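Structure first, then comments.
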Amino acid sequence: MRPLSFGGYDMDPHGVGLLFLGAVGGALLLPLLRLLKWLVTSFWEESVPLIEVGTEKVDRVEKSKRVENHYIYVPRKKDEHPNRVNCYDPATMEYLGFVPALNAESVRAHVEKARAAQKEWCKSSFAVRRRLLRVLLRYIVENQEIICRISARDSGKVMVDAGLGEVLTTCEKIAWLLSEGERWLRPERRSVGRTMLHKVARVEYEPLGVLGAIVPWNYPFHNLFNPVLAGVFAGNAVVVKVSEHTSWSAGFYQSIIHKALETVGAPHDLVHIVTGYGATGQALVESGVNKLTFVGSTAVGKKVMAAAAETLTPVVLELGGKDPFVVCDDADLEQVVSIALRGAFQGSGQNCAGAERFYVQEGIYTEFVDRVVGSVNTMRVGPALERGHSDVDMGAVCMPTHVDHLQSLVDEAVAAGAKVLAGGTPLPEIGGHFYPPTVLVNVNHGMRIMQDEVFGPIMCIMRFDTDDKAVELANDCRFGLGSSVFSGSKRRARAIASRIRAGMVSINDFNATYMCQSLPFGGVGDSGFDRFAGVEGLRGCCSVKSIAEDRFSFVKTYIPKPIQYPVSSSGFQFLQALVGLFYGAGLRRKVSAGWALVQCMLPPPKAVETQAKTKGSKKAK
Ligand SMILES: NC(=O)c1ccc[n+]([C@@H]2O[C@H](COP(=O)([O-])OP(=O)(O)OC[C@H]3O[C@@H](n4cnc5c(N)ncnc54)[C@H](O)[C@@H]3O)[C@@H](O)[C@H]2O)c1
């Protein structure tokens, strides 16, 4: 056989064949092993108990809704009661029930109960914590419908939006914690540097104690499970303050968690949910929790941070967003348009990491806008649970005053020259809080709609010419949470992505970073700081303890003679020599520093010592 020539080298064809087989085998081995592990665990997963959680309370509400003339709750100022939160379905305005608005004393009592439970739970093994997650996962997978129905009833979203934002994300989070959680919380060896070669160093991740979380209403199930899963897995207790706008569902979701805790023999009080208005949230900040994650608006985030400063409670702030969505002229429009629509209208646009600013390059601008408007005109809006899942594409907005707010943003933009191509006016005829999917063009950054977080189903589209301009527009915003860049050239998309000021960028996708649960979630600027989710978020549930100890029992630290008390006259020279030895530039300097070090360690010559003593005694005289 003739030898093969590569870059001037002759190689044996058998060797090349073997090398090729080795490379292919190596590349396939990892996925094959993963597949095997997945198959083995799939068999085993069937033995995970399926818990039963009563749905009577929820069913009662559903039934009462079928009774004619049942109470329709129209929120008015006088209906507000300081001690209770009234709950209603934003898609129909029907009354769902009420939950207590807890005062500071009750919140503290919840935190103390959680603290007692955590003392027991922190001793649990990762095997028990994984079992808890498996029980939850099994329940969620087998009860997706009821979980989504309750979320839809409480927040107004449609079932598909709930399936994506509540169930899929939560399952992925659990799956990641199951497969990698322990690995990232195990003690981790660290390097010892130059001066501590006789030591070994490591960090240990210890549970913090009781974690507090204050969450908004947009995903009532996921927002609640998110802090609980990572917090509890890391050995903490968790107290969550749910939003006053979606408190009805919290009771049911809490019962899932409690049933799972009971099933694995974990303390019932490990997870608490507190309900109420802003004052209840503030009480949680001041309750002495060991760390607090706030997920909500920037304005309230500032208040939370100020209150947390009083007790030096560490805070994670996950605030608003106004994500840019950049579409270059070489992007695959077929792919981009459907993603753009989901990015804008998922959950009626009420997503912290929601695409709000669409920047589309000139060459494809018109086609992009035409396709978007064509699709938006086919979207059906309404109360999904009443009309049937398959008849509605987009549900209600959750907060009572939000429709007026959205309209004022649109009106202001139109007055300043924007053009509405779809939607743009409320839909009072449907009842409930509905705003149609809306498309606006001729917008600019001087308009409030391009600067403030909209948090609603409004797509604002602007054109750009160069990549530099796209980056400039994307970064001209005080928020910096998520972002998306689409281009047929990965290189070009990466170059744009690397210049966007944001906590997360998805290339040729929207919010893909959140589905990779190993990645942290969070933003910069007015979007807050620190991270939840991913390795960083999981470790953020811990107190990080640094430990250094002797590598061998026969090598110990002794303070060198020259710097022992009383410090010798050569003490500082000794340190200079030590620094020179470890950090001096070049071998020559290091050797001479080493020699100086040895000299400092030697006892001073007798004569010099006697002279010094005589001088000293003369001075004293
Ligand atoms: N970055 C993220 O991860 C993320 C996720 C979802 C939503 N959000 C943001 O949440 C906002 C929408 O949610 P919202 O309207 O419920 O936000 P919000 O800030 O009004 O309320 C959030 C939570 O804070 C509580 N709260 C109100 N005043 C408080 C105070 N003084 N002290 C402590 N807690 C207080 C509320 O009761 C609620 O539970 C949007 O800005 C959205 O972008 C961010």
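Cβ atoms are placed via backbone N, Cα and C, with glycine included.
Because TrEMBL annotations are produced automatically, they should be read as predictions rather than curated entries.
Residue ranges 15-33, 224-242 are listed, and TrEMBL annotates 15-33 among them as transmembrane segment. Neighbours of GLU318 (active site), defined as other CB atoms within 10 A of its CB across all chains, total 29. Mean pLDDT for the domain 'Aldehyde dehydrogenase' (81-547) in the predicted structure: 95. Secondary structure at GLU318 (active site), as computed by DSSP, is strand.
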